[in-house]
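Only one structure is covered here, and it is reproduced in the block below.
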Amino acid sequence: MSSKQQSVKLNDGHFIPALGFGTYKPQEVPISKALEAANLAIGAGFRHIDTAFVYHVEEEVGQAIQSKIKAGVVKREDLFITTKLWCTCFRPELVQPTLEKSLERLQLDYVDLYLIHYPVPLKPGDNDFPVDEQGKLLFDTVDFCATWKALEKCKDAGLVKSIGVSNFNHRQLERILNMPELKYKPVCNQVECHLYLNQSKLLDYCKSKDIVLVAYGALGTQRYKEWVDQNSPVLLHDPVLCDVAKKNNRSPALIALRYLLQRGVVPLAQSFKENEMKENLQVFEFQLSPGDMKTLDGLNKNFRYLSTE
């Protein structure tokens, strides 16, 4: 890992690079772009790559990882790879086989971090979003605490180094933390978090439990048509953010990432452009003043780009 990049210690003793690269690919982007982006990101210097079963790009991410290892750009141990267990695979007997399929697609023996993607179990089957005749989601009855026990077994089996959750609120986290036979605490909770949704209460709660908050949508999302209301405000155009950026002689994107970093959040930056990837990695080269941090705190409006309802 580049000496300039920082990492954060997890509650199980492992380290997560303090800036990650997100690999979600919307329908409007061709699959070849996912492979190209992962290749460019590793080439640019990203060592923390975040993906998921439901993104359907694990294969492409795996190809990029292998090509960079073969080219001598990185070693496997230099990389921190996250993937996620989708909601249709929450039954304990499905967890390890699902992780093994992800490992096969990623061409890896283990992942560094495995997350429960959402705290909502869906009916198992071939559809990522199973629905009934009325188009209503079909839920499953499995308790995510039972799913967590299965994740613990995957860690014991050496298939994953660290385990965590995504999109959990503090009550749902509490349910896992209060499990009578809890063996491993979640190391992180990955949620939407940015200047318009700074998650201060959840962040304080996670810090009190030694759980790292990982932020997706850190730059206000890529505004994909299938998930994001196109009339919503563009975070990186915010005049207050642009003023702070101008004052610091940095781009609004860098300021938005640095703000999260200084609060102890691990942001995921996503881009399909090499120049933006390289620029995002400059986040470790400067600091925001307490005054700037206070100004940016004022931008919070508890606004979600991605509705999880």
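Keep in mind that glycine also has a Cβ here, set from the backbone N, Cα and C atoms.
Listed in TrEMBL for this protein:
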| type | residues | note |
| --- | --- | --- |
| ACT_SITE | TYR55 | active site, proton donor |
| BINDING | HIS117 | substrate binding site |
| DOMAIN | 19-300 | domain 'NADP-dependent oxidoreductase' |
| SITE | LYS84 | site 'Lowers pKa of active site Tyr' |
- Fill in the CA-CA distance, TYR55 (active site, proton donor) to LYS84 (site 'Lowers pKa of active site Tyr'), as an integer in Å. 9
- Cα-to-Cα gap, LYS84 (site 'Lowers pKa of active site Tyr') vs the residue listed as 'substrate binding site', nearest whole Å: 5
- Give the number of CB atoms, excluding that of LYS84 (site 'Lowers pKa of active site Tyr') itself, located within 10 Å of its CB. 25
- Query: Does anything in the same chain, at least 6 positions from HIS117 (substrate binding site), have a Cβ under 8 Å from its Cβ, and if so what?
  - Reply: ALA52, PHE53, VAL54, LYS84, LEU85, TRP86, CYS87, SER166, ASN167
- Relative to the Cβ position of the residue listed as 'active site, proton donor', how many further Cβ atoms are located within 10 Å? 20
